[in-house]
Amino acid sequence: MSTKTYDAGVKDYALTYWTPDYVPLDSDLLACFKVTPQAKVSREEAAAAVAAESSTGTWTTVWSDLLTDLDYYKGRAYRIEDVPGDKESFYAFIAYPLDLFEEGSIVNVLTSLVGNVFGFKAVRALRLEDIRFPLHYVKTCGGPPNGIQVERDRMDKYGRPFLGATVKPKLGLSAKNYGRAVYEMLRGGLDFTKDDENVNSQPFMRWQNRFEFVSEAVRKAQEETGERKGHYLNVTAPTCEEMFKRAEFAKECGAPIIMHDFLTGGFTANTSLANWCRDNGMLLHIHRAMHAVIDRNPKHGIHFRVLAKCLRLSGGDHLHTGTVVGKLEGDRQSTLGFVDQLRESFIPEDRSRGLFFDQDWGGMPGVMAVASGGIHVWHIPALVTIFGDDSVLQFGGGTQGHPWGNAAGAAANRVATEACVKARNEGVEIEKHAREVLSDAARHSPELAVAMETWKEIKFEFDVVDKLDAA
């Protein structure tokens, strides 16, 4: 218990919350913020203000500080670093005692770390760049309901990335026509098809009808190909009660996998659904709709690597990560960094990939990285190189935009992927020799040849907005 005398009034945050001599404990939750302070606010004061407002502090001294051990519970700003190439901002490293957070509650962690502090007047902009979750905390979270190895065993598919596609047009199809598209793509060679993130239960296609027609399509494709297939049935709903109603119906239909929009649906709903999937033997695909609102501004918000870590703790078997090469934002090194955070057991600090801390996941299962957004056959050599086997390569327009139809588009993607995996396994640098690898495969696949001709000029060569900070 504190023995300090109560001294009313307002004092600088740095007097209490700036502790440069502090050595973080293994059990501390560590955070790195990019801070852009207001003019005339010192770095130390701004860092301390963030530590205070995200832990025990308020704008004035309060007498009830004497009723607790403030030195034990407070967040501590313990280090400040320059941001390469940015004279306005700096990195503030803050350590939080684990007792500040409810066990297994990502909701509680985020409420503290990215709550009111992000509207604090002492800073002009604030971004949460990374979190180190101590193993003590990781062990209190359920994590992915199944994990990579369990999914491979259930789907009986090994040695290559999974292949998927989002049904297009994403809105407006009737349930019967929607099911037809699913069947054609699965029959053509894909492993999964997917509801778009904004397909819920609209007037043109109510969820029950979609689930029924899609389940029939999956069963038919499985019978004809002899392969296990699946469709991500989106159970995201206006209420948790309705979400579970849809999940139960998907289970009754025999679906192997369901889907949730984890940011718009919320972490409470997501963790609850992950627990249900674990108990009911269901795979869980996670879409990240709304992420760019939160993570794309390089000075304010939350970096996606943090959202990815939070999702792994909350629970999900797949997570969309961008593609690097497609239509969506994504720096290559940064993407490789957070993909490792999804899949590996231990990831060391690596500033070249935007990783500010070591992260130990213990025995928590991994999450499949999903590459989706503006990709086609010409991207496959790069995608296989970047994401490896434990991933889902998901082609929407890159399947259904094929001149010969959905089945041909699926066949082209399957042939191209298997050709790239084979060449890679034989030691070929497939990204460097992409044209030769694909052209050789196309000699035996007219579907691939047509796809290559159709999309040979299609590139998305825009500069990345959210780049890694580098000198």
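Cβ atoms here come from the backbone N, Cα and C positions, even for glycine.
Since the structure is predicted, the reported quantities are computational estimates derived from the model, not experimental observations.
The candidate list H231, H320, H433, H444 contains one residue that Swiss-Prot assigns to the substrate site with N116, T166, K170, R288, S372, namely H320. Take the CB of R288 (substrate binding site) and look out to 10 A: across all protein chains shown you find 24 other CB atoms. If you compare Cα positions, N116 (substrate binding site) sits closest to H287 out of the recorded positions K168, K194, D196, E197, H287. The Mg(2+) site, placed at the center of the C-beta atoms of K194, D196, E197, has further neighbours from the same chain whose C-beta lies within 8 angstroms: T166, V167, K170, D195, N198, V199, Y232, N234, M259, H287. Rounded to a whole number, the C-alpha distance linking D196 (Mg(2+) binding site) with H320 (substrate binding site) is 12 angstrom. Under DSSP, N116 (substrate binding site) is assigned to a helix (H, G or I) in the three-state scheme.
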